[in-house]
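A short write-up of the structure that comes next.
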Amino acid sequence: MADFEWIDGGVTAAKGFRAGGIASGIKPSGKTDLALIYSENPSAAAGVYTTNLVQAAPVAYNRNLLQQRGKACAIVVNSGNANAATGKAGEEAAIETAQVFARALGFSADQVLVASTGVIGVPLPIEKIRTAAQALVDAATETGSDAAAEAILTTDLVAKSCAVRALIGGKTVHVGGIAKGSGMIHPQMATLLAFITSDCSVDIDLWRQIVARATDRSFNQITVDGDTSTNDMLLALASGEAKNPRILDAASPEAGLLEQMVSAVCVDLAKKVVRDGEGATKLIEVQVAGTGDDAQARKIALTVASSSLVKSAMFGNDPNWGRLAAAAGRAGVEFDPAALAVRLGAFALMEVGQPLAFDRAAASDYLKGSDTVEVHLQVGPGTGNGIAWGCDLSYDYVKINAEYTT
């Protein structure tokens, strides 16, 4: 049983945070497209970024900023425009976005982080952000997480948020988050953006370590289409407003509980991103055991979840376990094929490298009737374990992406 409980509230569950979202006119549809999350007090700040060499201007801006300072107060996010592959003008637009909101909030510009998502290669209409800044600051509230979550969406069908709370050092500590992502999802920190807030008092370096590990277990273990975005980014702020004794020791129970909370929020958001994958009809959870370490297991799991053949079989309700075995074998992790066991839900398909007789029609019915499909692979006697999440590949995915800018 977890030492924390799930609650509502998203990024405003944590004390001291306000959030909101408005329509600035960036999206031609008129939907909300500008979000703000902020705390009056500087917060310990952590960032995890895309590994794509073609990086959006906000990614480079935040990376450089957080290399120089450990705290930030605000995150500004626009949707409908990625501000990626936009050259010098894009860099200047990211800087001006921070400056505009710094003035509206009464902060210094180096306390404001920025993020963008949308179409790549189109100049960011900074004048719309300039005009909307004060209205967004005025609209931000202590219950505004849902409005912010809506304003960061692009091809997403649903907003994604969650929060947890627990007692740490005798104080109630909250961790909450919002995320967006539906296509171009194969993070190696899709477009995938995630924003985490906490009111925990924690050492900055420790906070960054916790966030990095939580990202590895969650957002770096999901895939929709194998494409890593130019804009993938997770930003996490910890305000200290819970007034718990500051967590300094990475080996302490308090640090362990905080990491559990951050990881739980990240995993929940990551699974919601995959479930909302473009054209997806089911979530695929791939569990791998028996490797030499957890990193190897995670690598195999993500390779299987990423396989277009596996994803197509899941969409077609085809229990083609050979595709699962083949994907595991090309993951680049050594294991003995004679030890491989494969299970689909409750159906044992392969044991000690040998195929098993199973009810193919019943297995197909399991796929047809499940919105979450569980795949289990045992590759050896090791203690390594790993999980990855993917979704099926449907006709609608091609349709959505064939017509994205037309």
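Using N, Cα and C of the backbone, Cβ positions are placed for all residues, glycine too.
Feature list (source: Swiss-Prot):
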BINDING   Thr154, Lys180, Thr191, Glu278, Asn401, Thr406  substrate binding site
ACT_SITE  Thr191  active site, nucleophile
- Please work out which residue of Thr154, Asn401 has the most C-beta neighbours within 10 angstroms of its C-beta, and give that one of the binding-site residues. Thr154
- Task: Would you mind pulling the DSSP three-state label for Asn401 (substrate binding site)?
- Result: helix
- Item | Neighbouring C-beta atoms (10 Å sphere around the C-beta of Glu278 (substrate binding site)) | 24
